[in-house]
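One structure is given here, and the rest of the page talks about it.
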Amino acid sequence: MVMRAPFKRQRNQPTLWRISLKLATWNVNSLTVRLPHVLDWLTANQPDVLCLQETKQEDSKFPYAALQEAGFNAVHNGQKTYNGVAIISPHPLQDVHLDLPNFVDAQKRIIAATVLGVRVICAYVVNGQALDSEKYPYKLQWLEALHAWVTDELTQHEKLALLGDYNIAPDDRDCHDPVAWEGQVLVSPAERAAFERLLALGLHDSYRLFHEEAGQFSWWDYRMAAFRRNMGMRIDHILVSEALKPLCLDCVIDKAPRKLERPSDHTPVVLTLANA
DNA sequence: ATGGCTTATTGTATAAGA
């Protein structure tokens, strides 16, 4: 069941007069633990959309009141302990949809809503664990179902953004050590082919519209001082439809939250769109 | 050197993440 906090207009952010839109995605690895970071980040950055993954809480625990107090509406598709996705916005969240409609799945990994005319899909893609795990074929099948559903969504929404934790590093530039990672999840050919099939729908990796260099990551392992040594992966992405591509102004990885005390192992990715 | 950490669980060790 979707719960919705009442819409509250931000006095300093009149919807009709904004000249740009800021869309972000962040795997928070437990919203219970990370809520202070999320509230601070929302206040400092004032995004138009923030997609969260791994809230790891049931809908009854979701902090609607704290978000409303900060000026944000939210919709959540959660479960206990694992997974859980949310969309947060100062604007109305319309036509909310939960879960892949074409895939029987007990895991809460999808939530979608329309915000200011943009179809926003928030996805937490299966990790897969290892190539010989039964979770790996589940990952590939889940990605097939996502592809089919996004295909259908694109026929109904010209302006579409697919944001989330893809658990896929699209190419070797997105992995700190491709040799060490060979044969593991996040970089396997089948996963990368699934990512390419999403691009073949006319979606674009918005980060790569602006940045071609290697070594730009959105996730770093908690172990081995991986963040300090920049041993990471770029696995959190914002894909945009053809209609949104010409509106893209910049996409950045905001490493500031990863430097805080008790951080998520992921950090936000932020896309700025011209509000045409 | 394949671990090292972090989170959640009706826990006190295990599972999962990436």
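Placed from the backbone N, Cα and C atoms, the Cβ positions cover glycine too.
Predicted automatically and left uncurated, TrEMBL annotations should be read as such.
The local packing around A:Y124 (active site), expressed as other Cβ atoms within 10 Å of its Cβ over all shown chains, amounts to 26. According to DSSP, A:Y124 (active site) sits within a strand segment. Taken from TrEMBL, the feature active site covers A:Y124.
Around the Cβ of A:D165 (active site, proton donor/acceptor), the number of neighbouring Cβ atoms within 10 Å comes to 29. What TrEMBL records for A:D165 is active site, proton donor/acceptor.
A 10 Å cutoff on Cβ-Cβ distances gives A:H266 (active site, proton acceptor) a total of 25 other Cβ atoms nearby, all chains included. DSSP assigns A:H266 (active site, proton acceptor) to a strand. Marked as active site, proton acceptor by TrEMBL: A:H266.
As annotated by TrEMBL, Mg(2+) binding site applies to A:N27, A:E54, A:D165, A:N167, A:D265, A:H266. A sphere of 10 angstroms centred on the C-beta of A:D265 (Mg(2+) binding site) encloses 18 other C-beta atoms.
Confidence over the domain 'Endonuclease/exonuclease/phosphatase' (A:24-266), given as mean pLDDT on the 0 to 100 scale, stands at 98. Look at TrEMBL and you will find A:24-266 tagged as domain 'Endonuclease/exonuclease/phosphatase'.
Secondary structure at A:N167 (Mg(2+) binding site), as computed by DSSP, is coil. Per TrEMBL, site 'Transition state stabilizer' is recorded for A:N167.
Less than 8 angstroms from the CB of A:D236 (site 'Important for catalytic activity') sit A:T25, A:W26, A:N27, A:G164, A:D165, A:Y166, A:S218, A:W219, A:H266, A:V269, each of them six or more residues away in the same chain. Per TrEMBL, the feature site 'Important for catalytic activity' maps to A:D236.
The site 'Interaction with DNA substrate' annotation in TrEMBL covers A:H266.
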Next on the checklist: Excluding near sequence neighbours, so keeping only residues 6 or more apart in the same chain, what lies with its CB under 8 A of A:N167 (Mg(2+) binding site)?
Outcome noted: A:V125, A:V126, A:N127, A:G128, A:K139, A:V185, A:L186, A:E191, A:I235
Next on the checklist: An 8 Å radius from the center of the A:N27, A:E54, A:D165, A:N167, A:D265, A:H266 Cβ atoms defines the neighbourhood of the Mg(2+) site; name the other residues of that chain inside it, in order.
Outcome noted: A:V28, A:N29, A:Q53, A:Y124, A:W219, A:I235, A:D236, A:S264
Checklist outcome for this item: Rounding to whole Å, the Cα atoms of A:Y124 (active site) and A:E54 (Mg(2+) binding site) are apart by 7
